[in-house]
C-alpha cells in the first residue's frame with residue numbers, strides 16, 4: 001500500500017497533483033465575476049447549486065441562538081480540549097514580535113517602522129468531507145492576538161443548512177461572532193468584494209480546496225491573502241530505530257485528509273521501509289476514512305530508501321513539505337540541515353497531530369513546495385507595516401546633494417528640484 005519508489009518519482013507525483021485543470025480555473029473566474037456583478041444573489045444561487053442549501057431557508061449569518069444551541073450540543077470534555085488548544089495557540093503567538101520601532105540618527109533624522117493590525121479580515125474554514133473546528137482556532141486566535149478589530153468567518157453549510165456545533169463553539173471561544181454559511185469560490189469573492197450582506201475585508205486567510213485556492217489567487221490584489229495552500233502533506237525522515245507502527249500512523253494521519261494528500265517516508269533502512277509499508281496496510285483496515293487514505297497513498301504516498309540521512313535531508317529540502325518529522329536518534333543534531341519546511345517535528349513523541357491540534361503554532365502552513373518562500377500563518381499575517389521618516393534641516397542638507405545626483409542620473413528632474421528648492 002506504500003509504494004517503494006525513488007525521490008525523482010516522488011517529486012514528479014507531488015508536482016502533478018498541484019496542476020489545476022483550466023476548467024476549474026475558468027469555473028472559479030465565472031463564479032467570482034457573478035458575485036461581483038450580482039452580489040448576494042450569486043452567493044445564494046451557487047450555495048444552492050453546489051452545496052444543496054437554500055440560504056433563504058437556512059439563514060445566511062449564524063445567529064446567537066444557533067451558537068447557544070451549539071454550546072448545549074458540545075460535551076464538557078470537548079469544550080475543555082478546545083479551550084486548552086485556544087490558550088496554547090494564544091500563548092505561542094503572543095511570543096511573536098510585532099512592535100513598532102524608531103531610531104534617531106546623529107544628525108537628528110528619525111527613522112522607524114509602525115506596525116498596525118489589519119482592520120478587517122476574512123477567515124475561510126473548509127467543510128466538505130470533514131469539519132475543522134481546529135482551523136477556526138488556528139486562524140482566528142492569531143488574528144485576535146494581532147489586534148484585528150473585525151473578523152468574518154466563512155464556512156460551507158452542511159446539507160441540512162446547519163454548521164457543526166463544535167465549529168461554532170470554536171468560533172465563539174476565539175471571539176468570532178460574524179459567521180457566514182458560505183463556501184467555495186463564492187465565499188472568497190463575497191469576502192473580497194462584499195455583497196449586500198457581507199462587508200469586504202482587507203485580507204483572506206485559511207485553507208480550502210482547489211476552488212478556494214484558485215479563488216484566492218484571482219482576488220489577490222483586491223485583497224491580500226495569506227498563501228496558496230494545497231493538499232496536506234507530510235515527510236517523515238526515520239532511521240532504523242524508529243517504530244514502524246508509529247511512523248505508519250503519522251503517515252496515515254495526513255493521508256486521511258484528502259485523496260490528494262501526500263505522505264512520504266524517507267529512510268536509509270530498507271527493513272524499516274518494508275515494515276512501515278506492512279503497518280500502513282494493517283492500520284488502514286481499522287481507519288474510518290480508509291478509502292480516502294488508500295487513494296492518497298496509492299497516488300502520492302511513498303517509501304524512499306536513500307544512502308544515508310544526509311541524502312534524506314537533501315530530498316526533504318527539495319520537496320519543501322508542509323510537515324517534516326525528524327524521527328531519528330538525534331533529531332536536534334539534524335535540525336540545522338532543514339532548509340525548507342512549514343513545520344518541523346523533532347523526535348518520536350512529536351507526532352504531527354500535536355501540531356494540528358494543541359501545541360500552539362498555527363497548522364495553516366505552506367504546501368506544494370511553497371515552504372521555500374512562504375511562512376506559516378502567524379501574527380505577522382494580520383499586521384501591516386508603515387515606514388516612518390522624519391528629517392530635520394541638518395539631516396536634509398547632509399543628504400540633499402546625494403539625492404539630486406541620483407535623481408538626475410535616473411532622469412527624474414522633478415525629484416531633484418523638490419530637493420533643490422529646499423536648499424535655497
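The backbone N, Cα and C atoms fix where each Cβ goes, and this holds for glycine too.
Taking all protein chains in view, 28 other C-beta atoms sit within 10 angstroms of the C-beta of residue 186 (NAD(+) binding site). According to Swiss-Prot, the feature NAD(+) binding site maps to 124, 186, 209.
The DSSP secondary structure for residue 415 (substrate binding site) is helix. The substrate binding site annotation in Swiss-Prot covers 232, 254, 257, 323, 356, 410, 415.
Here Swiss-Prot flags 254, 257, 356, 415 as Zn(2+) binding site, drawing on sequence analysis. Neighbour list (residue 415 (substrate binding site), Cβ cut-off 8 Å, at least 6 residues apart, same chain): 403, 407.
Its Cβ placed at the centre, residue 322 (active site, proton acceptor) has 29 other Cβ atoms within 10 Å. Sequence annotations record features per position, and here Swiss-Prot assigns active site, proton acceptor to 322 (among others) based on sequence analysis.
Applying an 8 A CB threshold to same-chain residues 6+ apart, the list for residue 323 (substrate binding site) reads 232, 233, 234, 235, 254, 341, 342, 343, 345, 352, 355, 365. The active site, proton acceptor feature in Swiss-Prot is assigned to 323 (among others); the stated evidence is sequence analysis.
Applying an 8 A CB threshold to same-chain residues 6 or more apart, the list for residue 410 (substrate binding site) is empty.
Applying an 8 A CB threshold to same-chain residues 6+ apart, the list for residue 124 (NAD(+) binding site) reads 153, 154, 155, 183, 187, 188, 191, 204, 205, 206, 207, 208, 212. Spatially, by CA atoms, the recorded positions 257, 322, 356 include one closest to residue 186 (NAD(+) binding site), and that is 257.
Note: the Cα of residue 356 (substrate binding site) and the Cα of residue 209 (NAD(+) binding site) are spaced 18 Å from each other. Under DSSP, residue 124 (NAD(+) binding site) is assigned to a strand (E or B) in the three-state scheme.
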